Structure formats: C-alpha cells, structure tokens
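S.K.: One structure coming up, written as structure tokens, with questions to follow.
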Amino acid sequence: MHVCCPPVTLEQDLHRKMHSWMLQTLAFAVTSLVLSCAETIDYYGEICDNACPCEEKDGILTVSCENRGIISLSEISPPRFPIYHLLLSGNLLSRLYPNEFVNYTGASILHLGSNVIQDIETGAFHGLRGLRRLHLNNNKLELLRDDTFLGLENLEYLQVDYNYISVIEPNAFGKLHMLQVLILNDNLLSGLPNNLFRFVPLTHLDLRGNRLKLLPYVGLLQHMDKVVELQLEENPWNCSCELISLKDWLDSISYSALVGDVVCETPFRLHGRDLDEVSKQELCPRKLISDYEMRPQTPLSTTGYLHTTPASVNSVATSSSAVYKPPLKPPKGTRQPNKPRVRPTSRQPSKDLGYSNYGPSIAYQTKSPVPLECPTACTCNLQISDLGLNVNCQERKIESIAELQPKPYNPKKMYLTENYITVVRRTDFLEATGLDLLHLGNNRISMIQDRAFGDLGNLRRLYLNGNRIERLSPELFYGLQSLQYLFLQYNLIREIQAGTFDPVPNLQLLFLNNNQLQAMPSGVFSGLTLLRLNLRGNSFTSLPVSGVLDQLTSLIQIDLHDNPWDCTCDVVGMKLWIEQLKVGVLVDEVICKAPKKFAETYMRSIKSELLCPDYSDVVVSTPTPSSIQVPSRTNAATPAVRLNSTGTPAGLGAGTGASSVPLSVLILSLLLVFIMSVFVAAGLFVLVMKRRKKNQSDHTSTNNSDVSSFNMQYSVYGGGGGGGGGHPHAHVHHRGPALPKVKTPAGHVYEYIPHPLGHMCKNPIYRSREGNSVEDYKDLHELKVTYSSNHHLQQQPPPPPQQPQQQPPPQMQMQPGEEERRESHHLRSPAYSVSTIEPREDLLSPVQDADRFYRGILEPDKHCSTTPAGSSLPEYPKFPCSPAAYTFSPNYDLRRPHQYLHPGAGESRLREPVLYSPPGAVFVEPNRNEYLELKAKLNVEPDYLEVLEKQTTFSQF
C-alpha cells in the first residue's frame, strides 16, 4: 500500500529558515568576538590579558595594576601601545633596580605610590623618556640622591610626599629642566640645600608638614621666581632676624601665591602668630634690620597668572616687652601707606601647563572650581589646596559683620581687623561653618552674644585681641570644640567665670596678657592641655597652686612677668611651683613689687623662710630627674603643695635654693651627708663615754679626798703590845690591851673641813647642822644609828678608875669603864656620840662599818670662841685654848672580824656621820715612834688667814 508524505506547509518552512538564520548569526558573533580578542591581545600585549585590566580612551591606554600584590616588575610586561598610564600603586615593590623601565618608553604617567620602596638605584628610570608625571608618595624613601632621577628629562610633576626624606642632595633635581610641580609635604626635611632649584622652573611647591625653621633667600628663594603656589604650613618657623628675607620675598610675590600661613613657633612672644602679621621690628628687635632684608627685586611675573600687589593681612601684634613697655592698646600694623589695593582674580591653571592631561592625579592637589562670591568691601582669593576662600576685610571701616554682602561662600579665613565692630551677634557666622581662622583683632568689641560662635565647629584660631571685652563666660566659646589658639590680649578683662574654657578642650595656646585680671577661678584650666600660657601685664598679686597652677601639667612656656606680685606668705606655694619648672619654661623672671624690702627682686632669689617667717608647714614633692624633660601632653607628676582652704600655702618647709639639681650632685651630696653623720655620731658617742668615765673618776676621787682630808691613822695592836703601823684601811684582827690615847689638834689647819654654806644634796655628809639635826636625816629611816649628847654623858656617874698597862701622859688617860659604855652607847664623842651606821637587822653582815672614817670629827670648844658676840660675820670654827682643855675618849669601836655590828638604841637618835663639823677632839692610835711628834703639835694654833683661805677654798668646792 503506498503512503505519501504530508505536504510541507508555509509556516513550517518559515520556522526552519528562521532557526537556521539564528544559528548563523550566533556563529558569526562568536567568531567576531574571538577574532576581536585575539586582535586586542596582539595589540595591547599580555599585560592586559592576564594581569591588569586595560582601558583605552582618547588614544591613551590606562593599565590598572593596582593592589595586585606585585613584588617585582618582572611579573608584568610592558603594554603594546604608544601612550599609556601605568598604575602600580598599592603593591609590594621594595626596590627599583637599574633599567627595570627600559622597555616602558610609552609611559607618560607612572604611579608607584603606597608601596614599600626604600631605595631607587641609579638608572632605575632609564627608558622613561616620555614620562611627564611620577608619583612616589607613601613609601619609605629617606634620601634623594643626585642621580635618583636620571633619565627623566621631560618630567613635569613629581610627588614624593609622605616619606621619610630627611636629606636632598644639591643636584637631585639638577637634570629636571621641565619640572613645574614638586610635592614634598610630610617628610622630615629640616632644611634645603643651596641652589636646589637653580635650574628648575617650579611653579608649585608644597613643603607642608616638615621641620623647616628657615628658608634663606640667597641660593634658594632667589631661584623660585616662577612660583605661583607655595604651601609652607605646619613647620616650626623661627621668627627671628633670619626670617626677614622670607617675609620680604613673600611680600614681593603674588598675594595669592602663598597658600596657608607661615605661623611662628619660636620665640614664645611671637608663637602662634602669622608671619605677615609680625613687623620686622618684632622679628629683629636688637639688630640692624637692613642686614637681613632681601635685596630689591623687580616685579615678578608668571605666565598665565594675573599679579596683584600683596595685600597685607596684618593683625596688630603684641610688641616685645624686651624693648619697651607696650601701651594699653597695641600700635597698628606696618602696612605700607598708599599701597594700591587690587582685587585679585581667581587663579585658573593655564592650558600650556598641560594639567588637563594629568587625569585623576591632579585632583589629588586641586578640586573642581567653586563659585567665587566676595563681599563688596573686601578682597578674596581662592586657596586651591582645599578650595578655601580667604576673605580680607582689613581696615574697611566696617561697623557690623552683617554689612558684608554678598556673603562669602565657604570662607576658610576671614580677616576683619582694624574696623569699628562693637558687637558680635549670633547670626553673623551662620553660613561660615567651614571657617578655620577668624581674626577680629583691634576692633571695638565690647559685647559678644551667647553662642555667637556656635556654628564654627571647625574653627582652630580665634583672634579677639585689642578689643574692650570685660568678662569671659562659658557661653562665649560655646561650639568651639576644635579651637586650638585663642588670643585675648589687650582687652579690659577683669573676670573669668568658672568653667569658661570647658567648651574648648583642644585649646593649646591662650594669650591673656595685658588685661586687668586679679584672680583666676579654681579649676579654670581643668581638662585642658595648655602648652603656652601668657598672663603678662595683669594685676595678679599671687596665684594659688591648688586648682590653678597644678592643672598646667603640659606647659612648654608660661609668661608671668609684669604683675604686682606680693611676696609674702601667699606666694610661697607659687614660688616652689616655679622653682620646679624646667629651664626655658618660664619666660622672664617673676619680680616682686611688694613689700618694699623685696621690691624689684627676683622671686626665685628670695628664700622661702624670708617670704613667710611665721610659716607652719609646706610639703613639696621634689621632681624626679625624668621631669627635667620637656613636658608632654599627658598628665605629669605635679608638685604636691599642702595648702590651706584659701588655696594659698599654709607655710613653709625648707627653702630650695635652685630650680633644678643634677642627679649626680644630689647623690654625692646625700653620700657626704651620710658619711658626716656617721662620724659625728661616733664622736658624740666617744665624748659621752669619756665624760661618763670622768664623772665616775671625779666621784671616786672626791670621796677619797673627803676621807683622806683627815690624816687619821688607825692601828690595832695584838696582845702583848706588839707594835705595828696603823693604816686607814687596815683590818681589825683582834682586841688587845688598851693603848695610850693622844689628844692632838688637826695637825694642820688645812686638814679640817669648814662648815658648809649650803646644802649640796640630801646626802647626810653634805647637810648642814643648823636646825633640827634629826630632821636632816629623815631619809635614812632604813638605817639604825644612836646618838647621845654631852649633857647625857655628864649625868652618868664616872666609872671606877682602871690602871693601864702603860702610863700615858695626863692628857691621854682613858676613862674607866669606857669599853662598857661603848657597848651600850656606841661611839660617843664629847659633843655627840654617833653610833656606827649599821644595816637593817635582816641584812646583818660581818663586814665592819665602812663609814667609820667619818666619825670622831673635832668638836668646838664651848669656852673659846673666835667670833665676837653679836657679830654679823659668819661663824668660824672654834679652836681649843689649850691642849689641856680636851678630854679624850675613843670614838670608834673595835670588833673582831666575826662580830656583828649592833643596832642603835632607837630610831630617834641622830643618824649622821659628822663630816662638816668644827674642829674638836680627834682620837687616834699613834704608834710609838710618832708619840713625841704628835705631842709637840698639841700646842700649835692655826693662823687666822690660813683658816679663812681654807674656808674660801672649800666654799668654792
């Protein structure tokens, strides 16, 4: 059976043709793309295929190899394009070797920023004949050698900022005859070599953020005659005589050429002031200015720029007090009279510099232009670096800030000095939020409305000097959280309220000199890191340490000169605080004005105890040697001064003689003091010991002299009358037969002791016999003695006579029964019979009485007196009229060694061993050989003068 195919319809045929056409189109597109890619790779090179994206625009290829981790240039190959920009920033290149760019002849811009390049070897840029811009910013370069940039003869733009460059060799830019823009900001340059720019046609130079203090005219500035933009900010400029040439040169170039300010860092009297505000007399007050001035120059011109005469943006400066005493209001600025003012036009880069071809890199330094609106009465210029507008309205007789029309757009700096402004209102700066500097000096401002600066959050410098402000309050500075420099000198300020500076925590410089301040509130500087404070020329008599001076922990310089300081107790704490400041911190000496004795005297030179004689105690902690360093902004150790409730010192400890003492001297001094103390202590110890020994020796010798002054000898003979010489210290062996007794005078008048003139002590041997003798010995209640008087003896019957073994002379007869009476009455003398001083019954000792030598002292005769009756003369000792007037009896008791001393008859008896009694009977036991000699001396009477001399001698003793 035959089956035929179904007929093909028109619709199906159309569908097939469309499908086939789509396949062909897709195949063609793929083929074209492949061919195109192959052609691109073949045209741009491998760098655009594998490593980096490439983009061609306006006949220029941009090769973006940024942040690819490239360590060496061997990892990439040069693109195959006539002109290209090679961007290699953000990689890891550390060194550039010779001839590494020899095949990159088409490069016109080379970005090598943000790598870690430390060295560029000679010939590294060979082959870059067409390079016009080179970026080496944010690397680690330290040196630019003479041959660093060899091969870059056509270079126009060089950026090497944010490195560590401290040295530039003199010919480093000598071959760069086309260089116009040089950016060297934020390095470590402290100076530039002479003739560095001699063959370089620079028009833009950025030297911000280095360590430059001077820029000489000869050899440097004289070769920069084509500069149209210069940036010198953030350098520690030394505003001295050497900077006069820079000031003259800046005045000779275009007013708009200087971008930013040249702010003085030193000296302190000019710190924080712009160079164009400082007169030459202030820069060089003691030398001839003409020696430092720049030589006259012809007006300079720069292609493509309209030049105007420099407008002086002067602010009346505080004159140096070292030359003359400044008036109440400072003089006007030193702007040259009749100097024409020409309003400068905004600067636009000329086309012949080729900036339009620099691409995005030119935006690194400049931005798109902004509308320029300037008040009619002022002159303005645009600061290209930050597109800030500088508005100069100096000396325009402006009475109100509201008169400035039209309002300037985004002003960065406004100079309104030398006008007639009296009030600053809240609405005056509503549209100036980006303001960095506001100069209102030398007006007539007497009132500033609360929060008038509330919208100026970016303001860093505020000049209110030379006005009529009388009071400062916290509301005045509200909103100025970024303020760093505040100038309030030459006003009428009498009062500063507590917390005035709380809204300005970043304040570093405060000038309050030449006002009428008498006191500062407690805590006025709390929370601040002030580096420089000027209080010169006020009415301070003292400043408390607590709450004021102790909060100034970061000071670099402070000026307290020209105040009527009252050098009394109130300034003791301040003086001690000043003495602990480091050298150079205090500007000029603090001079006393009162009291009169200290007038015109340096406070440091006066000892603290002289300032405050009636001091109590002031405790000051001495700074450690590390505090000699320049204070930082962190809180350092502050002097601890103990003060009273008023904040003034309570008194004084020890005055310090110097503001600082080297550590070595301090250690040596302490060592010497320690050694001296040891020697002094040893000497005192030896002296005390010698005195103690001497006292003991004197006491012993005195006792010996008291005993030996009675030349008495005692002898005890054994049985049978055996002889032996007696001795005062001889021991008694046994009792023998009675020996003959001899009554003798004292032998010589000097052997008696006169009556004492007074009591020496309570010791009985030094007590007088006047008055009740028994009462004189009441302290000796523990001793037992007995006494009896002559009257008692006379009432007793005489004993029977006893025949002695040897017949003595009549004067030497012993009374019968004497031994028995001695047993009962213990040593009775004609005047008194004093018993032996015996110990207590419970402390009996077989040792004989040690005080036996004090008994038996001579007794005055009752019938012969040498002193007339009724005479006022002192009673002198009595002497016997004849030897026969004496009756002898033994006045001591001899006992065997084994016998004990017996107690006395009662406690009421006299208990006194007589020492200072008048001469009386002396009972001795002479030996046989001395008997005749002793007998011969019985008839000797002493001379009266000898007696008187002896009494005087003992009175002195």
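The backbone N, Cα and C atoms fix where each Cβ goes, and this holds for glycine too.
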S.K.: Looking at 283-302, 623-642, 703-722, 903-922, which one is region 'Disordered' according to Swiss-Prot?
M.R.: 623-642
S.K.: Going by Swiss-Prot alone, which of Asn644, Asn695 is annotated as N-linked glycosylation site?
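M.R.: My reading of Swiss-Prot gives Asn644.
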S.K.: If Swiss-Prot marks one of Asn103, Asn238 as N-linked glycosylation site, which residue does it mark?
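M.R.: Looking at Swiss-Prot, the N-linked glycosylation site feature maps to Asn103.
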S.K.: For the topological domain 'Extracellular' (41-664), would you mind checking the mean pLDDT of the predicted model?
M.R.: 80
S.K.: Under 8 Å Cβ-Cβ from Asn103 (N-linked glycosylation site), six or more apart in the same chain: what's there?
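M.R.: In sequence order, Pro78, Gly127 meet the Cβ cut-off.
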S.K.: Which of the three DSSP states, helix, strand or coil, fits Asn103 (N-linked glycosylation site)?
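M.R.: Assignment for Asn103 (N-linked glycosylation site) reads coil.
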S.K.: Six or more residues out from either end of the repeat 'LRR 6' (201-222), which same-chain residues have a Cβ under 8 Å from its Cβ atoms?
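M.R.: Same-chain residues near the repeat 'LRR 6' (201-222) but 6 or more away: 161, 177-192, 194-195, 228-238, 242-243, 245-246, 248-249, 260, 265-266, 294-295, 302, 353, 365, 385.
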S.K.: Quick test of the contact rule: Cβ under 8 Å, at least six residues beyond the ends. What residues does that give for the repeat 'LRR 1' (82-103)?
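M.R.: Beyond its ends, the repeat 'LRR 1' (82-103) has Cβ neighbours at 59-73, 109-128, 130, 135, 359.
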S.K.: If we skip the immediate neighbours and take only residues 6+ beyond the ends of the repeat 'LRR 2' (106-127), which ones have a Cβ under 8 Å from one of its Cβ atoms?
M.R.: 60, 66, 78-79, 81-100, 133-142, 145, 147-152, 159, 357-359, 361
